[in-house]
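Enquirer: Per TrEMBL, the feature transmembrane segment maps to 87-107, 128-154, 174-194, 206-225, 245-266, 278-301, 321-347, 376-395, 401-421, 433-454.
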């Protein structure tokens, strides 16, 4: 933890501070500014929660039920081919997330570091694998997810104005870009405003889902559930195949993609041995129930053909059932996705910042602005990567692309759990799941990725190519320029041109002196 009297790099004339700068002594004023980003997991000397933790808790909860439920139903139904199979995919998707969450709970208490997958694979496999995973997260996973949510935001905002057609390509991209730029500016200006936006817009997300489920249940009570009858629910619009079912799971997994977010703030959790499993046992079944009920509500008022033809499912649902109050639905979903973009910008910039602080990304990204206390360079990188991706991709292809890469990283991390048991068999593990849990997940993982790659070789293959080829190329460039390079045997990073702090080094700013 940062204490009074610790040394930090000093502020430069441009207002930045970073690795290897001149040192200044920490005062009460600088502690207030630096601690949200640089202290040891947000803990004070006693290990109690710091005042920064409520914001982190809110951001974690907001990402459990994400905006994906307003995006993915169309893709799941399109690939599943029938209403009944699509509902089975949603339920089984929650079960697979529960298996993965139990594995991550063991990793979270065995390797008690914040950072999620990045921290675990770096500890288990070394710096090279951690570097590749971090690179893919910063430049592929988070920006692509942000692009999908931003495109959903613009579609729901513009759909009421283009009721009989798809909103223009240029209009959706322009509005998405404006939204990304505005929220980047907010996150650059103030951490407090970013967390307040998240709190306010979470209400819109819950309002939209609650309204959809309530209206859908009323429709079912009135007898409007023809599409849900078993005789019709399993009428396939196409011959089912394993490859298409795998793609349906990829679409559903996008909506569940926040299940491992708690592991990014493990150090912030009080008594993780009790609270990590408790969070899993409560949140995953709850989210699965909410998502399944939401899809049942959609089918209580729309035929499968109407749902597949809709560019904004919740808007079509509202227009059919809410009458003069149909405007509530696009506004609620737009506000929900707006908050989702803000949350992902917040977390992705912090991951980028943490990786740079460890030496796995350029040291510029480890700098913060002392006046605003925000990682502006990291936010700008996330913003730029997102704008590039949203201009070159279509929503459902981007979902398949990012979900494939997400599953790839999940599988590597859970395989690391088995390897770590073999490598460190006597290590204390407060939570130890049955070996059948990670094996079952990895079997499903291998089948899903194999058949997804077979069905969509271009989209999924690009994910593997970018993950491996470009990450290795970045590593080669960093070595050839004399910047940081990995010591794979120890998992640490060294640099021949590294400038240590002048005074006592603070481990929050220097990896090695």
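Every residue gets a Cβ built from N, Cα and C, even glycine.
TrEMBL entries are annotated by machine, without manual review.
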Enquirer: List, by number or range, the same-chain residues at least 6 past the transmembrane segment (128-154) whose CB is under 8 A from its CB atoms?
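Expert: Answer is 67, 70-71, 117-119, 121-122, 167, 171-173, 175-177, 179-180, 254, 257, 333-334, 337-338, 340-341, 344-345, 347-348, 351-352, 355, 360-361, 381-382, 385-386, 388-390, 393, 395, 398-399, 401-402, 405-406, 409, 412, 463, 466-468, 470-472, 474-475, 486, 488, 491.
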Enquirer: Residue list, the transmembrane segment (206-225) vs rest of chain: Cβ under 8 Å, 6 or more residues beyond ends.
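Expert: Long-range Cβ neighbours of the transmembrane segment (206-225): 65, 69-70, 290, 293-294, 296-301, 314, 317, 321-322, 328-329, 332-333, 336.
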Enquirer: Residues sitting near the transmembrane segment (245-266): Cβ under 8 Å, six or more positions beyond its termini, same chain?
Expert: 41-42, 56, 60, 63-66, 68-69, 71-72, 75-76, 78-80, 85-86, 89-90, 92-94, 96-97, 100-101, 104, 107-109, 112-117, 120, 145, 148, 272, 276, 279, 283-284, 287, 291, 347, 351, 396, 399-400, 402-404, 406-407, 410, 447-448, 450-452, 455-456
Enquirer: Who are the chain neighbours of the transmembrane segment (321-347) in space, where the CB to CB distance is under 8 Å and they lie at least 6 residues beyond its ends?
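Expert: Hits for the transmembrane segment (321-347): 59, 62-63, 66-67, 70, 142, 145-146, 149-150, 152-153, 156-157, 159-160, 179-180, 183-184, 186-187, 194-195, 197-198, 200-202, 204-205, 207-208, 211-212, 215, 219, 261, 264, 301, 312, 314-315, 379, 382-383.
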Enquirer: Considering only the recorded stretches 87-107, 376-395, 433-454, state which has the highest number of Cβ pairs under 8 Å to the transmembrane segment (174-194).
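Expert: By Cβ pairs under 8 Å, 376-395 leads among 87-107, 376-395, 433-454.
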